[in-house]
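Marked as active site, charge relay system by TrEMBL: Asp148, His218, Ser551. Per TrEMBL, domain 'Inhibitor I9' is recorded for 31-112. Residues annotated as domain 'Peptidase S8/S53' in TrEMBL: 141-590. The feature domain 'PA' is assigned by TrEMBL to 376-466. Taken from TrEMBL, the feature domain 'Subtilisin-like protease fibronectin type-III' applies to 667-766. TrEMBL lists 1-24 with the feature signal peptide.
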Amino acid sequence: MQPVSHLLLPILLCLACSLTSVHASPPQKKTYIVQMDRSLKPNSFLHHHQWYTSAVSSVTSSDHIGAEDRIIYNYETVFHGFAARLTDAEADMLDTHHGVVAMYPETVYHLHTTRSADFLRLVPAMVNNVWSAATAAGHGDVIIGVLDTGIWPWNPSFDDTGLGPVPSRWRGVCSPGPGFAVSDCNRKVIGARFFYSGYGASVGPDARHLTPRDEDGHGTHTASTAAGAPAANASLFGYAAGTARGMAPGARVAAYKVCWSQGCFSSDILSAVDAAVYDGVDVLSISLGGGAESYARDSLAVAAFRAAELGVFITCSAGNGGPTAASLMNAAPWIATIGASTIDREFPAFVRLGDGRTFTGASLYKGRRGLSPGKQYPLVYITDKRGNQTLGSFCMQMTIDPHLVAGKIVICDRGISPRVEKGATVRAAGGAGMVLANTDLNGEELVADSHLLPSVAVGYAEGNAIKNYFRTARNPTATLTFGGTKMGVRPSPVVAGFSSRGPSSLTLEILKPDMVAPGVNILAAWSGEASPTGLREDPRRVKFNILSGTSMSCPHVAGIAALLKARHPDWSPAAIKSALMTTAYVHDNTYRPIRDASTSNPTNYYALGAGHINPSKALDPGLVYDIGAEDYFNFLCTQDLMPEQIKVFVKPSSNWSCDHSLANPGDLNYPSISAVFSGNETSGQSLTLHRTVTNIGPAVSVYTVKASPFKGADVVVQPKKLQFTKTNQKLSYKVTFTSKSSHSSPEFGGLVWRDGVRRVRSPIVVTWLS
């Protein structure tokens, strides 16, 4: 028989391992954003931070880390509360604490990137006239806040020549950090701050990066797109050569760095919005997104609600999830949600096959490693033995055999990994060049990139033809050539295939996106710290770069909004958005309906929104659909939110209640109209939606209306004439839809109010839900 001690030893060892495991893995802390009702602060606390600290202490008393160290942010302007590091159990306890309105777990957002001023007809003389008149009237100092990756203020796009003193109302700062001094701000870049606490708490601190300095390039690009000063001789390796200038070159820029190498964290974003509104920005450009949360669970939407109430125009990118339906983000109606479109400039490149056929694509390649003129190179496409796609077909890292591709042009399918990374992978394996072929998801959309080796991007049809040639030719060969910059492209604009689509997954009665703006192959300023591809192995450095994404379209609208704000300082954010939407156009430069790059067919309002922005028309829209904070609140009362969820949008001092809720969410005074029929039997159903327009044109004006016909519904507008006798007068009308038959897909149309000079257009979508 074994001694008892020998029998107990394994048990004791196992118990010791279990205890060690328990001590080694304490409950994991996460960042939670905590919204508080500031009016409920007990009088025993001198200020709100004391109250917040006490609240955190009440659920973390057994922790050796003090409550002060747990709190990483206080929010005071557009949002009241704090962000703290808590375990799930602590968060559950805090959620029941007196004064807590809502708890938001940290969310990771991501940037939406993948000759625009000339294309928008923003001629320098017109823009200068706007700013000169605004400055003379004392309201020309419009400030655009940009939430992004920081800024590179040394770029010529941020030259402050000709600008006056920093506006006296400005309360922002320039935060110093490694490689960035307070003196690096000027009269153009008047503010630069960074927000790192949420990111650092989740990912780990790194003091090297605690600076507004843009190490990525994205933030510099978006800021200069919105408000860059004219910069002569701008180009990327000779492509798109000319003068680069932002939409509002007279506006000031305030940069708020919220995005880092592994994303943009919601606690940092919220702190930046809070700071920006306090600092005094007029416009916020936010080219990032993190999913379609419900309005009450989206901390950015909650903060934007309050910012809009305080008069700040907020524009956000719709996302790059297209052409998938219902893929858009940032869908709250008080946010301007922007899709992406092309301009009339492209960068043609050509694939010439061994059988003599030539296919046109796009490229920004300009390197020393060129292909020999006139020489044909072996062509290869990596598949399995049956010819099916593999990871090698997408030229993923570690999937390409150098012996297979050395000295050859490699066909790579678009998707899964970044486009430029595919080229770098082929280059590292010894390939001579790359043909980047769109999949059916991308269609015929062409996005140009500054690859590290000779590369041409081709559309889906061209890619299939090239692959078919590879499969059938005995010795397939190809060569690549590059055509530089081509202007006057027709048709344009075209909605980008990547641009996220509606309908809104939150509210079908709110048509999103709101509009589209240039977002494909946009030239703008770049950081001296980043390569044009963003790849570590790319040693090149440039002053300007060409990017695509709804990240690029968003700051276009921010800049135009700043122009409108300078011309009309009394306009509300909703009035500015209305002016942009009702003057947008829906036909391209061939006078045909704007097309969708993913299909080459005419697009619809779930991709186009109200249309493509038209700045010169937006300066004088005639009528606007205005919306106030209480109107948005009444809309929220229709959204099946619980009382505690509704409360997150209510100021403690207000007396708002859902007693005045809208009869239908489609009754929100939005510039677009979405009528939704529901039920098994919709034939004969009637739905009436209401709108109110404000006259901001000539005092005495008469507008008549015309609505497009629908196959599935009769549409009647009453009254058919609006007679205004003074400026700022409000008149209402109603639109009655009577369903004739149920349709499986929505119908698209519109109505237009005309006074003989101006056209005030609202897109209409009619949807049948069974």
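Here the Cβ of each residue, glycine as well, is placed from N, Cα and C on the backbone.
Cα to Cα, Asp148 (active site, charge relay system) and Ser551 (active site, charge relay system) are separated by 10 Å. Confidence for the domain 'Peptidase S8/S53' (141-590), expressed as mean pLDDT, is 94. Distance from the CA of His218 (active site, charge relay system) to the CA of Ser551 (active site, charge relay system) is 9 Å. There are 31 other Cβ atoms within 10 Å of the Cβ belonging to Asp148 (active site, charge relay system).
Less than 8 angstroms from the CB of His218 (active site, charge relay system) sit Leu111, Thr113, Asp148, Thr149, Cys259, Ser287, Leu547, Ser551, each of them six or more residues away in the same chain. The number of other CB atoms found within 10 A of the CB of Ser551 (active site, charge relay system), across every protein chain shown, is 31.
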